[in-house]
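Trainee: Sharing a structure below in structure tokens format, with a few things to ask.
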Amino acid sequence: MAKDPVRVLVTGAAGQIGYALVPMIARGVMLGPDQPVILHMLDIPPAAEALDGVKMELVDAAFPLLKGVVATTDVAEACKGVNVAVMVGGFPRKEGMERKDVMTKNVSIYKSQASALEQHAAPNCKVLVVANPANTNALILKEFAPSIPAKNITCLTRLDHNRALGQISERLSIQVSDVKNVIIWGNHSSTQYPDVNHASVKTPGGEKPVRELVSDDAWLNGEFITTVQQRGAAIIKARKLSSALSAASAACDHIRDWVLGTPEGTWVSMGVYSDASYNVPAGLIYSFPVTCKNGEWSIVQGLPIDEFSRKKMDATAVELSEEKDLAYSCLS
């Protein structure tokens, strides 16, 4: 029996990431090859013509799973009845701008979009914030959409998670699908902590720890971490544009695993509302290792944390607490 279509909102849909993301959703990459979708695309009025162009291309692509397209600059219309919301739109930091200036702009955007989701989205709507500062934008959205459960508001750190998997696979010259259970702790920023202490690799002789196979602690505790932390900047330097393809792909991975579940024995990284697990202050949106089942995520518990990791995890939590305070000061 055919499934009912799922309504998926993409904000900033005429931008780089949006343009890469909407065909992936329409093709079934996000919700599965048998799940029909109706795309809701939102952008700002100056991008209205470009947004219409994206809609035309979606029609021209004749995606069998795509059962409708809403392309609008009206936030209430965009949010009406949506089951999944991918918040790509935001105000990027420009040269010469102070962090508080960027935060003020984004607080204003996320306050308004949160209110629209609160009033118009479907009950139990799942929200993924991609636009930076992603963790703090998600926190603002949570504040102004109180009827959306806190567990339904997340931010994207899957891109960092996938980058970490990619670096290990390149280092060991193996398939990326054979590496699992890296962790991104904390903020989607240069203070994030990519952790391989619990990661493993599938080998002909069974699963082996990444640390044992790499056999180079100096690289794992140094260059590996900074490469993952700075990968976005490296791509901007190379492309003169920010990561779009990989960000869109990671957003699909995040929602797909959340909705359809993670494989047995595998966890992924998601920015979620902290419940004080691993002594991370409650009330932050912080990236943890999670497993997903029946549309719900759960933080993986009981992993041993060494002193090196503890310092890194605490440092990124401090940055997030400072961002939270800055964001709240922009509200007053």
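For all residues, glycine too, the Cβ spot is worked out from N, Cα and C.
Copying in the features that TrEMBL gives for the protein in this structure:
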type	residues	note
ACT_SITE	His188	active site, proton acceptor
BINDING	Gly12, Ala13, Ala14, Gly15, Gln16, Ile17, Gly18, Asp43, Asn106, Val130, Ala131, Asn132	NAD(+) binding site
BINDING	Arg93, Arg99, Asn132, Arg163	substrate binding site
DOMAIN	6-153	domain 'Lactate/malate dehydrogenase N-terminal'
DOMAIN	157-326	domain 'Lactate/malate dehydrogenase C-terminal'
Trainee: List the helix, strand and coil residue totals of the domain 'Lactate/malate dehydrogenase N-terminal' (6-153) as derived from DSSP.
Mentor: 70 helix, 28 strand, 50 coil
Trainee: Name the residue among the binding-site residues Gln16, Asn106, Asn132 whose Cβ has the smallest number of other Cβ atoms within 10 Å.
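Mentor: Among the binding-site residues Gln16, Asn106, Asn132, the sparsest Cβ neighbourhood within 10 Å belongs to Gln16.
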Trainee: Are there binding-site residues among Gly12, Gly18, Arg93, Arg99, Asn132 that sit within 10 Å of the residue listed as 'active site, proton acceptor', Cα to Cα? If so, list them; otherwise say none.
Mentor: Asn132
Trainee: Which whole number is the mean pLDDT over the domain 'Lactate/malate dehydrogenase C-terminal' (157-326)?
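Mentor: Within the domain 'Lactate/malate dehydrogenase C-terminal' (157-326), the model's average pLDDT equals 97.
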Trainee: Roughly how many Å separate the Cα of Gly12 (NAD(+) binding site) from that of Arg163 (substrate binding site), to the nearest whole number?
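Mentor: Cα of Gly12 (NAD(+) binding site) to Cα of Arg163 (substrate binding site) measures 23 Å after rounding.
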Trainee: Fill in the CA-CA distance, Arg163 (substrate binding site) to Asn106 (NAD(+) binding site), as an integer in Å.
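Mentor: Here the two Cα atoms lie 26 Å apart.
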Trainee: What subset of the binding-site residues Ala14, Gln16, Gly18, Asn106 lies within 10 angstroms of Asn132 (substrate binding site) at the C-alpha level?
Mentor: Asn106
Trainee: If I take the alpha carbons of Ala131 (NAD(+) binding site) and Arg93 (substrate binding site), what is the distance between them in whole Å?
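Mentor: With the alpha carbons as reference points, the distance is 11 Å.
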Trainee: Going by Cα-Cα distance, pick out whichever of the binding-site residues Ala14, Gln16, Gly18 is nearest to Arg93 (substrate binding site).
Mentor: Gln16
